[in-house]
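Quick look at what TrEMBL annotates:
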type: BINDING; residues: ARG29, GLU91, ARG130, LYS461; note: (6S)-5-formyl-5,6,7,8-tetrahydrofolate binding site
type: DOMAIN; residues: 225-384; note: domain 'TrmE-type G'
type: BINDING; residues: ASN235, THR254, LEU256, THR259; note: K(+) binding site
type: BINDING; residues: 235-240, 254-260, 279-282, 340-343; note: GTP binding site
type: BINDING; residues: SER239, THR260; note: Mg(2+) binding site
Amino acid sequence: MPDPAGFADTIAAVATAVAPGEGSVAIVRISGPEAEPIGHQLFVAPGSQSWDSHRVLYGHVVDPASGERLDEALLLLMRAPRSFTREDVVELHCHGGLVAVQRVLELVLAAGARRALPGEFSQRAFLNGRLDLTRAEAISEMITARSRRAAQLAMAGLDGGLQLRIGALRERLLDQLAELEARVDFEEDLPPLDGAAVTAELEAVRLELEQLVAEARQGELLRRGLRVAIVGRPNVGKSSLLNLLSLRERAIVTDLPGTTRDLLESELVLDGVPLTLLDTAGIRPTSDRVEQLGIERSRQALAAADAVLLLFDLEAGWSLEDQALRELVPEGVVLLVAGNKADGAGLPVGLVPPGDGEPADVRFSALTGAGRDELVAELLRRCGAGCLEGVQVALNARQRDLAAAAALSLGAALEAAAQQLPWDFWTIDLRAAVRALGEITGEAVSEAVLDRVFSRFCIGK
Ligand SMILES: Nc1nc2c(c(=O)[nH]1)N(C=O)[C@@H](CNc1ccc(C(=O)N[C@@H](CCC(=O)O)C(=O)O)cc1)CN2
Ligand SMILES: Nc1nc2c(ncn2[C@@H]2O[C@H](COP(=O)(O)OP(=O)(O)OP(=O)(O)O)[C@@H](O)[C@H]2O)c(=O)[nH]1
Ligand SMILES: [K+]
Ligand SMILES: [Mg+2]
């Protein structure tokens, strides 16, 4: 465990969610050598409450200049090293809201703290040895989780699941590296090395890394969510589908073509996967200026989405216009063609029979909800989010790139082995792989990389 990094300055920030009108309690967090003196300056605790570590004091935040009471609050003192940052920490638990708590923070800043940068508390926790890098990143992921599954994965990371997996792989590589390096230096003095055993071990580690890289995409889906655009001609039922999936009357539905004029977003979770669903203006030639602008946005949404749900009207059948829309969907964007109005309520004959050459991947009815589950399952399956239950740990994008780089280096080391090159040719690539894994856990990581990682955290974390 490293020595405490010994930061001289004291940092402060609002540690709770900053949204208007939300949250009944807000915490101003102060960490560093001045935390306790600042607490004494600004907090008046009546009676004989003593300032012990891990005790809560009751009192008021008072402006020392004017004597004005800013808030009734609780103060929590956690003396170093028994705190999240391993520094002295003082938390002021204030009444929630935005304005009052900002005044308290300003008082703390005036008393000698400086505003914490995004992620700076966690960065100090990391640099003081409280957390490894995978746990620190898991905290950030926990905060931004948009579904229960994403939160579960983050908790697995916080429990050290990723650190253990990556740490164990790194150890195995270090063992092989030690063997090889010893041979580079003292070949004559040592028993002959079993080259086949070394390559088998490297190959096993390489396969595990590739498995982790493959699973990372699914974790990424759970974390970031999918952007899905519902696209189609006017009146095919795009807004009706948005309402069906969001379980509320989010969008206006009428029988007038051209009802939706603007992009409409709805955040939802389907089978544990967070989605941003976009309702778009029906695409058709029009001379209406406002509708034209809306249609332009539909086209942009279609091009920028992870997946496109192309709706058409089963009662009207698949048309050349639908075909033209399908051709707008860029390569690489997941496409699901869904036929709506399968109920056939608008037809005298009832249920719509499949038309000739109709390309529907799924058929459903936004009116009755029939086929809804199949539509969702097929959409998620095509997005690669079909089988997320088995995923236990998930690398984020940074970690995935490093794991992929390590796997690649191991591939190169195995190549050197296959060509029966001398030991030192293997060790160059093996060392690169060890370094990449160390960058995941934070054992071998530059200050610039750390700054980049923690700057993506939210303020106060
Ligand atoms: N009010 C509050 N809630 C919070 C946090 C916080 O900082 N403040 N956390 C922050 O993100 C999380 C909890 N994480 C924490 C981790 C360690 C310590 C801590 O003081 N550890 C000491 C004492 C343990 C003990 O007494 O046994 C230690 O490990 O030495 C505190 C919070 C979530 N909830
Ligand atoms: N029979 C039947 N009618 C439906 C179904 N889904 C939508 N409709 C009707 O189709 C009409 C158009 O629905 P909308 O959801 O407004 O269609 P839209 O694609 O959003 O239309 P624009 O925004 O104008 O492009 C409305 O009268 C709906 O009630 C369905 O599954 N079955
Ligand atoms: K409509
Ligand atoms: Mg609409």
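Numbering starts at 1 and runs along the chain as displayed.
The backbone N, Cα and C atoms fix where each Cβ goes, glycine too.
Annotated features taken from TrEMBL, shown on the structure.
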residue : record                                              : Cβ within 10 Å
ARG29   : (6S)-5-formyl-5,6,7,8-tetrahydrofolate binding site : 27
ARG130  : (6S)-5-formyl-5,6,7,8-tetrahydrofolate binding site : 19
ASN235  : K(+) binding site                                   : 22
LYS238  : GTP binding site                                    : 30
SER239  : Mg(2+) binding site                                 : 24
THR254  : K(+) binding site                                   : 10
THR259  : K(+) binding site                                   : 16
THR260  : GTP binding site                                    : 23
LYS341  : GTP binding site                                    : 25
LYS461  : (6S)-5-formyl-5,6,7,8-tetrahydrofolate binding site : 22
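Least crowded of the binding-site residues (LEU256, ALA281), judged by neighbouring Cβ atoms within 10 Å of its own Cβ: LEU256. Neighbour counts of Cβ atoms within 10 Å were compared across the binding-site residues GLU91, PRO257; the minimum falls on PRO257.
In this structure, the binding-site residues that sit close to ligand 4, with a C-beta under 6 angstroms from any of its atoms, are LYS238, SER239, THR260, chosen from ARG29, LYS238, SER239, THR260. Other than the site residues ASN235, THR254, LEU256, THR259, same-chain residues with C-beta atoms no more than 8 angstroms from the centre of those residues' C-beta atoms, the K(+) site, are PRO234, VAL253, ASP255, PRO257, GLY258, THR260.
According to DSSP, ASN235 (K(+) binding site) is assigned to coil rather than to any helix or strand. The shortest Cα-Cα distance from PRO257 (GTP binding site) to any of the binding-site residues (ARG130, ASN235, SER239) is found for ASN235. Between GLU91 ((6S)-5-formyl-5,6,7,8-tetrahydrofolate binding site) and THR254 (K(+) binding site), the C-alpha separation comes to 53 Å. Note on proximity: among ARG29, ARG130, SER239, LYS341, LYS461, the binding-site residues of the record, the Cα nearest THR259 (K(+) binding site) is that of SER239.
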